[in-house]
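Asker: What TrEMBL lists as substrate binding site is Asn50, Gly51, Gly52, Glu63, Asn92, Asp93, Ser118, Thr119, Ser120, Ser123, Gln170. According to TrEMBL, the Zn(2+) binding site annotation covers His59, Glu63, Gln170, His178. The feature domain 'SIS' is assigned by TrEMBL to 35-191.
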Amino acid sequence: MTNIIQVIQQSIAVKEAICKDETLIQTIQQVATVITGSLQQGHKILFCGNGGSAADAQHLAAEFSGRFYKDRTPLYAEALHCNTSYLTAVGNDYGYDQVYARMLRGIGQPGDVLVGISTSGNSANILEAIKVAKNKGMIVVSMTGQAGGKMKDGSDYLINVPSTDTPRIQESHITIGHIICEIVEKNLFGE
């Protein structure tokens with residue numbers, strides 16, 4: 001049986017490592033500032049991920065577009081995987097690696113922010129989306145595990161959680177995403 005306390009302590013240890021990583025903390029602040037500016041200029045925040053990271057993408061998009069702490073104006077944030085008819089059609093007709101890239105070709109605009117979430121940093125469909133985003137003049141934020149994978153090379157901002165343990169990385173992605181949302185909400189709507 002899994003030692004419940006041990007798992008919780010492992011999760012805490014990853015978050016303590018984040019707190020000690022000044023570069024990562026600065027990057028989180030920079031991403032919040034960039035997202036704030038993008039939204040102020042009328043741009044979109046577009047999230048993508050696979051599996052648990054898709055769930056994280058949808059969760060974070062909902063925090064921006066619905067509400068976080070404040071009852072406020074909705075912000076344009078969307079998780080790109082939520083249209084299952086589109087996802088399955090494009091996956092079938094063009095290949096799963098094209099599902100996000102093809103959508104970005106249609107809706108991505110310069111100044112929009114793409115947030116790609118992948119614990120390995122090597123998800124083929126997110127790498128393809130990053131290429132399209134860069135070609136369109138979008139800002140690319142990657143949320144990954146420790147190594148950053150191939151995503152680190154195409155990213156304007158890399159939030160690489162200091163862990164190689166998938167569940168701990170995903171927990172940290174949500175924590176960091178919540179922090180970014182809180183900062184953006186305060187920046188746009190005050191305390």
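Backbone N, Cα and C atoms are what each Cβ position is placed from, and that goes for glycine too.
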Asker: Other residues with Cβ within 8 Å of the Cβ centroid of His59, Glu63, Gln170, His178 at the Zn(2+) site?
Answerer: Asp56, Leu60, His173, Ile174, Thr175, Gly177, Cys181
Asker: Quick check on the binding-site residues Ser120, Gln170: which one has the highest count of other Cβ atoms within 10 Å of its Cβ?
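Answerer: Of the binding-site residues Ser120, Gln170, the highest Cβ count within 10 Å belongs to Gln170.
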Asker: If one measures from the C-alpha of Gly52 (substrate binding site) to the C-alpha of Glu63 (Zn(2+) binding site), what distance in angstrom results, rounded to a whole number?
Answerer: 17
Asker: Most Cβ neighbours within 10 Å: which of the binding-site residues Asn50, Asn92, Ser118 is it?
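Answerer: Going through Asn50, Asn92, Ser118 one by one, the largest Cβ count within 10 Å is at Ser118.
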Asker: Can you tell me which of the binding-site residues Asn92, Ser118, Ser120 is spatially closest to His178 (Zn(2+) binding site)? Compare CA atoms only.
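Answerer: Going through Asn92, Ser118, Ser120 one by one, the Cα closest to that of His178 (Zn(2+) binding site) is Ser118.
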Asker: To what whole number does the mean pLDDT across the domain 'SIS' (35-191) round?
Answerer: 97
